[in-house]
Amino acid sequence: MALSWNIRIRRRSWFRFILPIIVLGLLCYGTWAYCHKLCYEQVDKRLRQKSVSVGLICAVCFLDVVVIFIWLQIVILVGPGTQPHVAPFLILPIASEEKTSNTSQNTSVEYDAVVPPKCYQSDPHGYPIWCSECQSLKMERTHHSSELGHCIPRFDHYCMWIGTVIGRDNYRLFVQFAAYFSTLLLIMWVSICVYIRIITQHNHNYSPNLNANIISTLVFAILGWLLTASLLASSIFYMSQNKTSLEAIIDSKRKKFGTRKIFCYYSEANKLRFVVEFDRSEFHSFWDKKSILANIKDFMGSNILMWIIPLGKPYTSRCKSDGKSGSKTTLVEILGPYEETLSDYTIQAIEDKISRGEYLATLRASGDDSDPAY
């Protein structure tokens, strides 16, 4: 059984590259048809517009290289990212004293634990979400990927055309991929449409002599541009609201089927944790910074120049290494750039619910006495 399961996983890992290979093949075919059949044979040789032909060929080939380079980063060099392992929160004491039967000596057993943050997503009892596959806490906006076998921070979606998951690390590259690919296809189909008319007018006394490869490239370019342009537009729209594609889908289902979202919040005034629930009528973008620029920077990085330069991750800081066994660490130290911050509006909404007595439960966490960096 285990062997057959491993074989299926390996087959799926290879299967996810079938569509990207098809896309790459169509890109190579379209580039050849565009550069040779249109630019060289028609624009250069027939219409005697050598400078235009060279310019179009250089632009298309350059964008081809950029698109392929971005794809390599998205899938291989950068990837979607991996959430660091997060030990259970320090809700119960990490040290337990046991008295042996033969002696009166106490023994202390310590466990790795994380000081709980001020607010985290939880179940109705106030306990954080656990990933049984990774044996780690699953933090906000993190989801487990069965394709890659680990938890992805800020999981957006699985893109079958690219062949991998889009997450925190490669989201900016994904947006740049859609932008550069749509620009490439736009140049191709617009210039083909322009020169089809010129070529037919130039050969009005003869047969139009349009190569079938040019027509097929035009069809593929228009269809591909519609796909990539709509993908780019939806990504920009979701970024402006500080939402991922998965969150938008889940939120719509919550509003339709009445599911809920629950947070465990530490009130400094009451020195107590409250479990607060948001039902479908109270749903909003919990991460929205109330500024389109701030929301986009949260996805694309603070350096605006890097928004157009397709290179690397949108941040430079790293996660700190794990502490010693039995030590207590904060979530900020573990997650580093993967830490997600709720909006001020969401925090205020939680505090308002607490003041009105609208909460599911209360609890005291041992880690709240450890002077956490709230």
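Glycine is no exception: its Cβ is also placed from the backbone N, Cα and C atoms.
Keep in mind that this is a model prediction, so the values were computed, not measured.
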Ala212 vs Ser343, membrane side identical per Swiss-Prot: no
Highest-contact recorded stretch vs the transmembrane segment (14-34), from 56-76, 174-194, 218-238, CB pairs under 8 Å: 56-76
Composition by DSSP (helix, strand, coil) of residues within the topological domain 'Cytoplasmic' (239-374): 55 helix, 20 strand, 61 coil
Intrachain neighbours beyond the transmembrane segment (56-76), with Cβ under 8 angstroms and 6 or more residues off its ends: 20, 24, 27, 31, 34-35, 39-40, 43, 162-164, 166, 170, 173-174, 176-177, 180-181, 183-184, 187-188, 191, 310-312
